[in-house]
Amino acid sequence: VSPWDIALCATGTAVAGENALVLAVLFYTPSLRAPMFLLIGSLALADLLAGLGLVANFAVRYLLRPPSETAELGAAGLLLAAFSASVCSLLAITVDRYLSLYNALTYHSERTLGFTCAMVLLMWLLCLGVGLLPLLGWNCLRDQSACSILRPVTKDNAAVLAVTFLLLFALMMQLYLQICKIAFRHAQQIAVQHQFIATAQATSTRKGLSTLSLILGTFALCWIPFAIYSLVADSSYPVVYTYSLALPATCNSLINPIIYAFRNPDIQKSLWLACCGCIPSTFSSRPRTSSDV
């Protein structure tokens, strides 16, 4: 058994457990029903399925005897659909944050829960369609020379997926830059209206910039190397290169709950209530503002 596969399986188990906790908190807390939390739930569900997909891929490879092509394609399709939904959910959260600042006056009337549910459902149907492609014949099991590093995905299909991912990342980066500009402008206006001192404004600006750097930096470090490698490499490249780049990419699903869920004051409050039935006296439940990005 490859130690890399054991590491991926262990990561998948941790990812599934962590995101299951996020989904449980969202499901059992009636107050967390806003569109923003629905998008966070979509991200958690996608990452949960990604974790289960890693475990299933390990089971198909080492525990299923005799090997089954259908099971291998099904596990690959689950991973493909889950990671596609994870990236799309991150993009949806980015768009939602941008609209909440750009259309602050009409955001709550336009972004209703029903509208958000419809958009999330449409996104998941698209990602499930992507996940079905290996089962529908878009695989290299009959021609091993056509395999990419993402076996059983072909080289051409892997290149399409990598280019699509890079375009989505470029869109996310552009949106977050716009979010940062709008947030800083709002913070400046508030500072002028309330006659805040310059140090308070500088603190708000630094906090927004650090949050932006955390979101984009983590996503880029986890996924960009793997996406670029998928463009230039094929199945003839050493397997260790693929594993060493795939493992950080899967760890992004381990980091997502920390960035998007556990840092949220409302989810923190629900977690404290669920764990010990109380809220620490030092807990700050102030509402998030545009300066928080």
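Heads up, the Cβ atoms here are built off N, Cα and C, so glycines get one too.
Residues or ranges marked as transmembrane segment by TrEMBL: 6-29 (among others). For the transmembrane segment (6-29), same-chain residues at least 6 beyond its ends with a Cβ under 8 Å from one of its own Cβ atoms are 37, 40-41, 44-45, 47-48, 50-55, 57-58, 243, 246-247, 250-251, 253-254, 256-257, 261-262, 266-267, 270-271, 274.
What TrEMBL records for 18-260 is domain 'G-protein coupled receptors family 1 profile'.
Same-chain residues lying 6 or more positions outside the transmembrane segment (36-61) and placing a CB less than 8 Å from one of its CB atoms are 5-6, 8-9, 11-20, 22-23, 26-27, 67-68, 71-72, 74-76, 78-79, 81-83, 85-86, 88-90, 92-93, 96, 100, 113, 116-117, 120, 123-124, 127, 250, 253-254, 256-257, 260-261, 264, 266-267. TrEMBL lists 36-61 (among others) with the feature transmembrane segment.
According to TrEMBL, the feature transmembrane segment maps to 73-93 (among others). Sequence-remote contacts of a segment are chain residues at least 6 beyond its ends whose Cβ falls under 8 Å from one of its Cβ atoms, and for the transmembrane segment (73-93) they are 36, 39-40, 42-43, 45-47, 49-50, 52-54, 56-57, 59-60, 119-120, 123-124, 126-128, 130-135, 139, 141, 150-153, 161, 165, 168, 171-172, 219, 223, 249, 252-253, 256, 260.
Here the transmembrane segment (113-138) has Cβ contacts under 8 Å with residues 33-35, 38-39, 42, 46, 70, 73-74, 76-78, 80-82, 84-85, 88-89, 92, 96, 152-154, 157 of the same chain, all six or more residues outside its ends. Residues or ranges marked as transmembrane segment by TrEMBL: 113-138 (among others).
The transmembrane segment annotation in TrEMBL covers 158-177 (among others).
TrEMBL lists 209-228 (among others) with the feature transmembrane segment. Here the transmembrane segment (209-228) has long-range neighbours at 87, 90, 162, 165-166, 169, 172-173, 176, 179-180, 245-246, 248-249, 251-252, 255, 259, 292-293, meaning same-chain residues at least 6 beyond its ends whose C-beta is under 8 angstroms from one of its own.
Taking Cβ pairs closer than 8 Å, the transmembrane segment (240-262) reaches residues 2, 4, 7-8, 11-12, 14-15, 18-19, 21-22, 25, 40, 43-44, 46-47, 50-51, 54, 83, 86, 90, 93, 149, 214-215, 218-219, 221-223, 225-226, 229, 233, 268, 271 in its own chain, all 6 or more past its ends. Residues or ranges marked as transmembrane segment by TrEMBL: 240-262 (among others).
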Counting only residues 6+ away from its ends, which parts of the chain sit with a Cβ under 8 Å from the transmembrane segment (158-177)?
80, 87-88, 90-91, 94-95, 97-98, 148-150, 212, 215-216, 219-220, 223-224, 227-228, 230-231, 293
